[in-house]
Amino acid sequence: MSNVSNVENLSPQIIRQVTKEISSLCRNPPEGIKVFMNEEDVTDIQATIEGPAGTPYAGGTFRMKLVLGNNFPSEPPKAFFLTKIFHPNVSGNGEICVNTLKKDWKPELGIKHILLTVKCLLIVPNPESALNAEAGKLLLEQYEDYSLRAKMFTEIHAKPLRVSEENCSTEDKTADGPLAKKHAGDKKLLEKKKRDKKKTLKRL
């Protein structure tokens, strides 16, 4: 995946056109999609796509990137998932294979259309043009196994980390940290319950 800017290789007209569309998408993004503009390099187009409900990707947030080539829009951009994902149409390095970015590409198709197409790919994968042969085979022959693997990848790579109590105690060992205060509060509450219990027993 190339990180080289293509700004100097694109005409000012194309750069203005891309900038205008990205600005519009940032203000009014499609449902479940967020677009991020890099003001220093408009050819660095990144977005996040929420995993659609009812799919193994539900609950995950997948970051992706579009790479505009020297001949854009005559030639389609390349699309990559930056978030690791188990999907028939996504290769090991994150490259996305979809007809819109291949034989069905038309120069008038915009960035919004590409993002919506990639989102649709999460709902309806195409095992016929699989870049991940294992995912494509599982999807066709053992859907449950495919779904479980895709869910596992989503859980590990596309969901925010949950901070465990163990991590909290490791990070917050100071005597006046929030966790220390919580433990002190718990201790006081426990002592109060013990006193109340003794009073009740005395009355009996």
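Our numbering is plain: 1 for the first residue shown, then up by one each step along the chain.
Just so you know, glycine gets a Cβ as well, placed from its N, Cα and C.
As given in TrEMBL:
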type     : residues : note
ACT_SITE : Cys97    : active site, glycyl thioester intermediate
COMPBIAS : 165-175  : compositional bias 'Basic and acidic residues'
COMPBIAS : 180-204  : compositional bias 'Basic residues'
DOMAIN   : 13-159   : domain 'UBC core'
REGION   : 165-204  : region 'Disordered'
Of the residues in the domain 'UBC core' (13-159), how many are helix, strand and coil by DSSP?
58 helix, 25 strand, 64 coil
Cys97 (active site, glycyl thioester intermediate), number of other Cβ atoms within 10 Å
18
Could you pull the average pLDDT for the domain 'UBC core' (13-159)?
95
